[in-house]
Amino acid sequence: MIVIENVGLSSPACIKAPWLNRIKWGFLLGLMVLIYGSHAPLITLTKVDGHVPFSASSCVVMIELVKLLISLLSLLLAGGTSALCRPPDVLSVAPYAVPAALYSLNNNLVVLMQAYMDPSSFQILSNLKIASTALLYSLCLRKRLRPAQWLGLGLLVAAGVSHSYNTLDLVDPEGAEVKEGLHITAWGLFLVLVYCCVSGLAAVYTERVLKSQRLPLSLQNFYLYVFGVAINVLSSLTSLTSNKSFLEGFSGVVWVIVAGQAANGLLMSVVLKHGSGITRLFVISSSMLVNALLSWAMLGLQLSTSFLLPVSMIGLAAYLYYR
């Protein structure tokens, strides 16, 4: 270990370190926003005759498997194989099964909700998970937020709703612009609230586990994704919604999606370990804007002036929260 002694507050090393950390965090968060924002346009590029040619559950399993293999490789390179050679402490490892179970539950809720609401209603109401995550973050992790920070998070929710609603414009074959009707049942509203709460709980619980145990992040990721692979493989085997074989329809673009989402999951664990779940919310919200820009550039979708409203709201929200 390298120790630097007698480093004063005005020393070059002390002044340089914060700027290097800011550059690293800026690059990491920017990369995450780009990967999140490119996900939907890339999915669109894979479609054949308007349909996704691969099994979504197979894609999720491959993403979890890639994250597991990268975590194992990172652990081996760091010389942490001794932790794998001895029997694991059940009480230390068991908490890592909870996030995988929660995310798997949410994936199934998304499918179930389609019977009780239209996709547009889900797209709008799912922005409530920003509020649920912030509330659980404050309650479960005992983080007191200033009124200005709550206002910023409220703006983040409003920006998500505004952007989601503005993207509901459809164009019919005659070229006339139409608005898809929104409908949701009482059971659908209940399910979307459960979905938002489970999403927030999964993020907050994962952050708590990663920060409470003094283990290398590569080992923690290994535990997380062992359970992630096991639960998603089980879910895939018991699913009757797809008649496709496991890797059917996997093109080069699909493998890019797998690599990108695997990288994003690993980067998110860095954010939750050394940052906060609120930063995750700003990454996801900012990715909506990247999504719109990439859809304009890659798919030829038109952007209206209303696009500037959520952009401004997210910028103001970030200012209020981080000032």
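Glycine too: its Cβ is placed from the backbone N, Cα and C atoms.
Per TrEMBL, the features are:
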type: TRANSMEM; residues: 25-45; note: transmembrane segment
type: TRANSMEM; residues: 65-84; note: transmembrane segment
type: TRANSMEM; residues: 148-166; note: transmembrane segment
type: TRANSMEM; residues: 186-210; note: transmembrane segment
type: TRANSMEM; residues: 222-240; note: transmembrane segment
type: TRANSMEM; residues: 252-272; note: transmembrane segment
type: TRANSMEM; residues: 281-299; note: transmembrane segment
type: TRANSMEM; residues: 305-322; note: transmembrane segment
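Residues 148-149, 151-153, 155-156, 158-160, 162-163, 166, 278, 282, 285-286, 288-289, 292 of the same chain lie 6+ residues outside the transmembrane segment (305-322) yet bring a C-beta within less than 8 angstroms of a C-beta in it. Beyond the transmembrane segment (25-45), the same-chain residues lying 6 or more positions past its ends with a Cβ under 8 Å from any Cβ of the stretch are 52, 253, 256-257, 260-261, 263-264, 267-268, 270-271, 275, 279, 283-284, 286-291, 293-295, 298-299. Here the listed stretches are 186-210, 222-240, 252-272, 281-299, and the one with the most C-beta pairs under 8 angstroms to the transmembrane segment (65-84) is 222-240. Between the transmembrane segment (281-299) and the listed ranges 148-166, 186-210, 222-240, 252-272, the one holding the most Cβ pairs under 8 Å is 148-166.
For the transmembrane segment (148-166), the residues of the chain that approach it from at least six positions outside its boundaries are 120, 123-124, 126-128, 130-131, 134, 278, 281-282, 285, 288-289, 292, 304, 306-307, 309-310, 313-314, 316-321, 323, judged by C-beta separation under 8 angstroms. Sequence-distant contacts of the transmembrane segment (222-240), counting only residues of its own chain at least 6 positions beyond either end whose CB sits under 8 Å from a CB of the stretch, comprise 55, 57-58, 60-61, 64-65, 67-68, 71-72, 75, 84, 88, 93, 96-97, 99-101, 103-104, 107-108, 206, 269.
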